[in-house]
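Swiss-Prot lists A2 with the feature blocked amino end (Ala). Residues annotated as domain 'GST N-terminal' in Swiss-Prot: 4-85. The glutathione binding site annotation in Swiss-Prot covers S14, H43, R44, K56, V57, E69, S70. Residues or ranges marked as domain 'GST C-terminal' by Swiss-Prot: 90-223.
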Amino acid sequence: MATPAVKVYGWAISPFVSRALLALEEAGVDYELVPMSRQDGDHRRPEHLARNPFGKVPVLEDGDLTLFESRAIARHVLRKHKPELLGGGRLEQTAMVDVWLEVEAHQLSPPAIAIVVECVFAPFLGRERNQAVVDENVEKLKKVLEVYEARLATCTYLAGDFLSLADLSPFTIMHCLMATEYAALVHALPHVSAWWQGLAARPAANKVAQFMPVGAGAPKEQE
């Protein structure tokens, strides 16, 4: 079997690496996940710094092209292989995808990441949860999710009545959030909850979720 032309470097438990993998899975692209160890400092080795001078993951190699930053990777993959997930070249739809991608990057993800770091990843980092940080960011996330609820009351997906990267991009960090007791923030909002359940049921999302065994840091809400 030929080696896939596309390689992704990183550890799949990372929601950033998994964001890139989700785009590849949705686009049906054959790829190789090149495993790395954060604990062993693989991301600080010269060969990886040559791929990404910031020493972060993921990194994607697509033939002679090397990319870093998970959202840039996802855009490249979909632009090349499944442009309908970016709005399909239609000006207004593409603009709405861009708007809600910016909302995810600057409004949703920062508080969600802060909660997930404390509730899920702090034990792996050898420290206790900082509940003050959690509480502060829960309030921020509530307000963002209320905006999502209002938007999703008017259309099936964030950019309109079509699935796009604007919906897929938050999946991996929300997957981590849903492994904590703060999944209740999503369940409390019917349109957000239905949107989330639809995303989580997608085959590509299911596959990527298997790479992300989260939930060690906090009890999962009982259903």
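Even glycines carry a Cβ here, placed using N, Cα and C.
Features per Swiss-Prot, on structure.
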{"residue": "S14", "record": "glutathione binding site", "DSSP class": "coil"}
{"residue": "H43", "record": "glutathione binding site", "DSSP class": "helix"}
{"residue": "K56", "record": "glutathione binding site", "DSSP class": "coil"}
{"residue": "E69", "record": "glutathione binding site", "DSSP class": "coil"}
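Fewest Cβ neighbours within 10 Å among the binding-site residues S14, S70: that distinction goes to S14. For the domain 'GST C-terminal' (90-223), residue counts in helix, strand and coil come to 92 helix, 2 strand, 40 coil, using DSSP. Ranking the binding-site residues H43, R44, K56, E69 by how many Cβ atoms sit within 10 Å of each one's Cβ puts H43 at the top.
Taking the domain 'GST N-terminal' (4-85) as a whole, pLDDT averages 96 in the prediction.
Spread of the glutathione binding residues is 18 Å (greatest Cα-Cα distance among S14, H43, R44, K56, V57, E69, S70).
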